[in-house]
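Asks: Features from TrEMBL:
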type	residues	note
DOMAIN	48-219	domain 'MENTAL'
REGION	1-20	region 'Disordered'
TRANSMEM	55-76	transmembrane segment
TRANSMEM	96-116	transmembrane segment
TRANSMEM	123-145	transmembrane segment
TRANSMEM	151-171	transmembrane segment
Amino acid sequence: MNRVPGEAENAHSSSVESCPSLRDIHSINPAQLMARIESYEGREKKGISDVRRTFCLFVTFDLLFITLLWIIELNVKGGIETALKKEVLQYDYSSSYFDIFLLAVFRFKVLILAYAMCRLRHWWAIAFTTAVTSAFLLAKVIISQLFSQGAFGYVLPIISFILAWIETWFLDFKVLPQEAEEENRFLIAQDASERAALLHPGVLSDGQFYSPPESVAGS
């Protein structure tokens, strides 16, 4: 006779212990979730993430650094005006550095257009610019006579090659994964806020508690 109440009590205790997830869900703070969602929405309103802005700054640095090295190389050759006429107007693939400067301009325009203006979330644009840069520089080093022109014959191609691959690494391992992670966090927080709103519909006011007209007085 005493076995039935004992089994019922054990079943009740086990059912209570088997529902920790409900206690966890009820412990969600809707205010914290809404604050987190608002912070993510504020980042979206800025239009571009911090890590993507850093990438665009590095792309700009690439162009400016290559331009600076090219100007220094023009001065070393005996003056900017004379060297410009020789490298631009009398362009020679085997001895001119003007094409390396144009290659930096090409990378800058494509990457800024793709990842700053269009806000692309794919690696195909950086893969295209890096492939073109690598192929062009390898061909130029093999065919041209840059190494016979002093230190700049080594410096400009090597630095241009390294900067292009650093941009590829930074976008593929920093920008895209971090933005994807932030987006997943935003979706999780938004989903949790919706669940919390369903579980916490709000505190009922005193006016919402009433007795139907046909009930007995004092019930």
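Glycine is treated like the rest: Cβ placed from N, Cα and C.
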Asks: Could you pull out which residues elsewhere in the chain have a CB under 8 Å from any CB of the transmembrane segment (151-171), counting only those six or more residues past its ends?
Replies: 54-55, 58-59, 62, 65-66, 69-70, 72-73, 76, 97, 100, 103-104, 107, 111, 115, 123, 126-127, 129-130, 133-134, 137, 140-141
Asks: On the 0 to 100 scale, where does the mean pLDDT of the domain 'MENTAL' (48-219) fall?
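Replies: A mean pLDDT of 85 is what the predicted model shows over the domain 'MENTAL' (48-219).
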Asks: With Cβ-Cβ distances below 8 Å as the criterion, list the same-chain residues six or more beyond the ends of the transmembrane segment (123-145) that contact it, or say none.
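Replies: Contacts of the transmembrane segment (123-145) (Cβ under 8 Å, skipping residues fewer than 6 from its ends): 93-95, 99-100, 103, 106-107, 110-111, 114-115, 157, 160-161, 164-165, 167-168, 171-172, 176.
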Asks: State the non-local partners of the transmembrane segment (55-76) in its own chain: residues 6+ outside its ends, Cβ under 8 Å from one of its Cβ atoms.
Replies: 48, 83-84, 87, 97-98, 100-101, 104-105, 107-108, 111-112, 115-116, 150, 152, 155-156, 159-160, 163-164, 166-167, 170-171, 174-175
